[in-house]
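**Q** One structure follows; several queries about it will come next.
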Amino acid sequence: MQQRQGAVRCYWALLAPQYTSAPGTHPSSSSSSQAAAAPAHQSLELQFVSLDPVLSAHLARQGAQMVNRDVMQFIHPVEREQARGDLYNAIQSDDLQGSVTRLRFARVSRIKALLGCPPQDNPVPNEDLLAVCEDDDYVIIDLVLNWAADGLLLAFFHAIKDKDSVANNDPGRRQEGWSNYCGSETMLPEHTQAVQSSISAALTLPPRTRHPPTRIFQLYSSSASQYPQQLLLTWPPPRPPNSTGMFDGLYDADEYADLMRHVDMDPSQLAAKPGEVRTNCTTRFGAEHSIRTEGVYRHVTSVFIPYGGVIFACFQTTKVYDLPTINSTAVTTQQQPTSAAPPSASSEPWPTSPVVPGGPGGGVQGRGGEWPQRGTGGPGSDYEYAQPHYPQDAYRPHSGYAGYDQAQQPFHARLASSENTPTPPRGAPGGVPGVPGAGGGGGVGVVVGVGGGGGGGSTRPLVRPPGDVEKCRGCGTRESPEWRKGENGVKDLCNACGLKLARAVAKREGRQKPRKKDKV
């Protein structure tokens, strides 16, 4: 059943970032001093590639006209340039964490008018929307962005004000509309085909290498009547079914889909605290996987977003090592770092030689003290499934809406994963974590949740250093979830460098506990 306009609080879309020439310059004018002087973010456009089928239906004839339009066109003029800068900074991060930017965005009726809808075909919005909108034209939203594939962003547009603070935050009353438990209905085949066609028309595939793509985007049906979940869409195009090709730059779509099916996405892990509001579009379940197919060892990070009748999945390969030979069994097992700090550019690197578990009993320990689950493929399976972290307390990005109206400034925060080592799940073995058999490397998961809808969240955004400190003394980064004191007593170390220093000091002073060794 189609959700009616006025009852839908959140829409999704796929966007493609584009960079135009600076105002007054020609795109081919590489020597123009005016172009060189203009800040890079001023040329950013976020073009709509594909629309949520519900949004497309609500826009009616104007839905097709919105494709290829710039998101900036629909942001309130007063906030447009600041939002452009915030969004530019957000998409410069080469990871899956994502960001949330609060701003005033055009209402559906306003969008239709901007796209040429005649007044007689653009009915007056419902009276009950007046309390949750700024005015007749704009509504305050959280714009949630994260990378889905190369050149492709996944975006959610979530209105932050409640109509009924009780009903809108009760999962049992989601069907009443305007719920923070936002989500789409299960997509029909024609909708899936339209999304696939739109992506193919908008993006140019890069030249292939012998390795699988670095980023992969998938969409699944999460209908209760379908288990395991059905793969609806995958991008870039995968290797055709039953193909025997290898080293062709393609990938097995089912291999990635199988990674998702072994990640626990139980929403009860994410119970909101008093005063917090949780939204589906800002809640992410993440994992890390070690795969050794396609003739390479790959370390893959993933983010999964359950969204009503569908699940969005974004995969990114962060480490790749060529295997010596495809059938090699003479391999060495190495232990991955077990630091509780999250992976980052400034944390300990992965081993410089590939981690390639081989014979019976081989394997590695998961990162962060996790308990990796064995793949169900039996002996010789080529990848290891990851179990997500249990949720941790963290940051509230925004409390209420009053401050927004006074400052008239967009709110912006990065989605960031929790850092603390989780409590082991029930039934997990004590002592040494389980060692996988002849499969891939160990996995570790994270749960990311950011509150929307005017309430709090459960992540910590990246913030600038306090006082006169400009950047981290250790690695030079200018943003971190937390700033820590160095040995000079000044908070001039980012979180990762601060943790490194603490471990180094503990080791130097003999306070570090010996690590337990894996059983082989």
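Each residue, glycine too, has its Cβ placed from N, Cα and C.
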**Q** Between 416-440, 466-490, which stretch does TrEMBL give the note region 'Disordered'?
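**A** Going through 416-440, 466-490 one by one, TrEMBL flags 416-440 as region 'Disordered'.
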**Q** What counts of helix, strand and coil residues does DSSP assign across the domain 'GATA-type' (471-499)?
**A** 5 helix, 5 strand, 19 coil
**Q** Limited to the domain 'GATA-type' (471-499), I'd like the whole-number average of pLDDT.
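**A** Mean per-residue confidence for the domain 'GATA-type' (471-499): 83 out of 100.
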